[in-house]
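Asks: Pulled these from Swiss-Prot:
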- Asp485, Asp491: Mg(2+) binding site (BINDING)
- 552-611: domain 'KH' (DOMAIN)
- 621-689: domain 'S1 motif' (DOMAIN)
Amino acid sequence: MNPIVKSFEYGQHTVTLETGVIARQADAAVLASMGDTTVLVTVVGKKEADAGRDFFPLTVNYQEKTYAAGKIPGGFFKREGRPSEDETLIARLIDRPIRPLFPNGFKNEVQVIITVVSVDPQIEPDIISMIGTSAALAISGIPFSGPLGAARVGYIDGEYVLNPSVAQLATSQLNLVVAGTAGAVLMVESEAQALPEEVMLGSVVYGHDQQQVVIKAIAEFKAEAGKPTWDWTAPTQDADLVAQIKELAEAGLGDAYKIQVKQDRYAQVSVVKAATKEALLASNPSIDLREVDNLLGSLEKKVVRGRIIRGEPRIDGREPDMIRALSVLAGVLPRTHGSALFTRGETQALVTCTLGTERDAQKIDSIMGERTNRFMLHYNFPPYSVGETGMVGSPKRREIGHGKLAWRGINAVMPSAAEFPYSVRVVSEITESNGSSSMASVCGTSLALMDAGVPIKTSVAGIAMGLVKEGDDFVVLSDILGDEDHLGDMDFKVAGTRDGITALQMDIKIEGITKEIMDIALQQAYGARVHILNVMDQAIGSHRDDISDHAPRITVIKINPEKIRDVIGKGGAVIRALTEETGTTIELEDDGTVKIASSNGEATKEAIRRIEEITSEVEVGRIYNGKVIRIVDFGAFVNILPGKDGLVHISQISDERVANVSDHLELNQEVAVKVMEVDRQGRVRLSIKEAQTKETAAE
């Protein structure tokens, strides 16, 4: 075995790429390391495409092995199971920038598997996974227009930071991942603390500039370790068939794309395509209908893009910077804690907000350590939203990705646990979809949170931008339709407040997207965002003054941390009795913070009263109403507070001589006692006769 190794410095870390030792039967295998975080990336491609396939079957599988962090998996089977949400998101992060780099017409199946085999808790594995994938594809021989570079950018104290550590990210105002080739940015994914447009654009440019060292290193690695490129040629088009289809369908498709209602437009497009196929079959019964479908799709794209470049109205009649009609409703469901219905044209989201206690928060145990999510956002995309039938069940990759994007857009304005001690779950049900449903989820979430009384810092709105570019001519589109997303060159989603951007996601399908074009898109998105925020604020401009009557109310009190064990009791007996008898949920923290949750105010008051009793200190000289719990020869033990007992000596029962304690006291008898002394060991000395004397004097 002769390993080929390439090492280079990248930000704070040394990156190492190695091949030739592990997984030698794959088309390519690279062991990629950044510090102590190491991933094994393998690539396998089929030399022949399956007959009849009309799409590119690329699969990216990202898997984190618990042994990488020196852990044994939990659960009964003690082995890794289905992909976690984090694994799904990173798989999408890798897939998005590499997919456009495969040539048009390439239909051979390709599978990329990334396995995390070692992890440094301060170095996230996603960036090195992207670098390793780029290197493996570069040396595999599979047609691929790489290399691809990747970088994470932070923003700390007004300075950009390349590949910040996990600790640095905790103080960073920005967490941005950018991937691209030597000449183009292809993908951006970010979360930010309402940063200005110029800072966000600067971070993209900075990240792309810094990753050139990666691209150069992979090119050198390929020169030394790369396999010969496959002998593959793109399928040629039949020029006569292209001309026939243009003559038969161009005018009809042009008319169909003037129909503004999506379902009616699709129906007419289907009519035009069916008539075209019928005419072609009449002249040539053996014609390949799959090729006809592909050429019709290309013609469709050309028709729509041509109209936009010529300055004609868009598919639904709008100008490039126009936003579709908005409808904003808050408080639409009677029993939810918060709800909103946000409609933008033919895209609609029904969003609900549910409040819970800290124990309702999501507990996540990953190879990067344990963490808790108090704010959850789940996105559902049922098939009826686009007028189709389909499987309904667990969320797919796309739904997980869109939900996380919306979460990033909102997270920056969420209150801290000290400000709002609730767990929050938001669910966005996409009930209609024609473009930008994730950004509709951002808007709907902002509204639902306010309706629920969650004190978010300010409203948040999201907008999806598009681009059509032909040569030096380009048009930036605001609030794109589904067709404009599919037929355009860029999908550019921006969420934010009036003050700045909270989330930015960008996927670019072509090269030649300049800094100037991105700047125009960001400025146009800002205008669209402010317009949407104005409409949203008319419906609900700030959070409700109070939470829903149906939501649990959390009351926070403080106790002496040394008294926590008294509230818990032996084996949890005291706190269990408290919760069962009052019907409340009680959570204790190490600093003495007690959170009591209940939708019944009287139950909360009773729980507080009992906790205060348990944690209160015994006062010398005070009279308590106690209960006799044990009788002995020399006196009786009386419980005066929960968990606190004292001794009434036989001499302190009565002014008269007491020969037998049982003649004066019995078990469970309630008596008034005065605290005479609490010694250094915490033992309490009580007196019944002194209490009676004091009460008599008071009378």
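Positions of Cβ are set from backbone N, Cα and C atoms, glycine also.
So where do these features actually land, and what's packed around them?
Replies: Secondary structure from DSSP puts Asp491 (Mg(2+) binding site) in a beta strand. In sequence order, Ala464, Met465, Gly466, Ile480, Asp485, Gln505, Met506, Asp507 constitute the residues six or more apart from Asp491 (Mg(2+) binding site) in its chain with CB-CB distances below 8 Å.
Mean pLDDT of the predicted structure over the domain 'KH' (552-611): 91.
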Asks: Count the other Cβ atoms sitting within 10 Å of the Cβ of Asp485 (Mg(2+) binding site), across every protein chain shown.
Replies: 17
Asks: What counts of helix, strand and coil residues does DSSP assign across the domain 'S1 motif' (621-689)?
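Replies: For the domain 'S1 motif' (621-689), the helix, strand and coil counts are 8 helix, 36 strand, 25 coil.
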